[in-house]
């Protein structure tokens, strides 16, 4: 059961190598017990550095790393109740499955009967009972990953760190392992911190996501919150497909873009404030020019299996991406429709704290109006 107690806290943590630019720039966040967290971002954003700082593989240049209320900056990795599953799994090729999983327990000098019991339990969690004597070289990529996870959980750590463990798997197996990892975390109740650059993985598995770019957390929240209410252009563009355009917030609940004014659900900004608007492609409905809110010309069309991916151009040269089960014809004029709640207004340079306060005020307004 999730108890909402903090287990890890970063307080203004920075990391710099030599005289290079900051890899992490005054990062602060809280990790709660029993949840599945994902650190999401492009290469070089700082996500793996955060993982290494938590594990104790590197030290912070400044700031405090807190574990269960105690500062652990200088506590070595082997003294932390944290285990890591690496991208290449880091299994011992000369040891079989049992010996790999039992390795950490043997270092602790536990009795053989206890080691046998714990290894069997760990292998049962990852559906590998009966594989104890299998050589690592004879196992598939998915099986090797399960061995690595069993080796991590057998020590009963408080936190498991996963450094892009699915990246080497083929697409079908990657999807399967997403389900298995999520189910395993929920059964164990252990805090998982997962690193990836794949936004689909993050959305599918996480209780909460931290989106990073250039050493800073851009936004944190549930998958739904981040997808539905991105804080800025980077997050909107990185999490899923997006239509992003410059706009003007005329007044509360009224925004102007593509040469027209549209009703929206956003408020609390300055009159005529320059903003950006994001509309997800799946929220754009194809209709006739007469019924459309925006008139566009179909530019390209690709069949993606579950939908058509259609790019369109409006009279001002803005490109609109539409995902629809309706087929369009390249060169034809069509109309696009969307609802006020499909329009998400983003302020320039808004802090996450201010952003959260603004969204909270929307909920308070709904409550007051009831």
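Glycine is no exception: its Cβ is also placed from the backbone N, Cα and C atoms.
Taken straight from Swiss-Prot:
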DOMAIN    8-239  domain 'ABC transporter'
BINDING   41, 42, 43, 44, 45, 46, 47, 48  ATP binding site
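Working note on the binding-site residues 41, 44, 46: by count of other C-beta atoms within 10 Å of each C-beta, 41 ranks first. According to DSSP, residue 48 (ATP binding site) is assigned to a helical segment. In the structure shown, across all protein chains, 48 is the one of the binding-site residues 43, 48 with the greatest number of other Cβ atoms within 10 Å. Here the Cβ of residue 42 (ATP binding site) has 12 other Cβ atoms within 10 Å, regardless of which shown protein chain they belong to. Neighbour list (residue 45 (ATP binding site), Cβ cut-off 8 Å, at least 6 residues apart, same chain): 212, 213, 214, 215.
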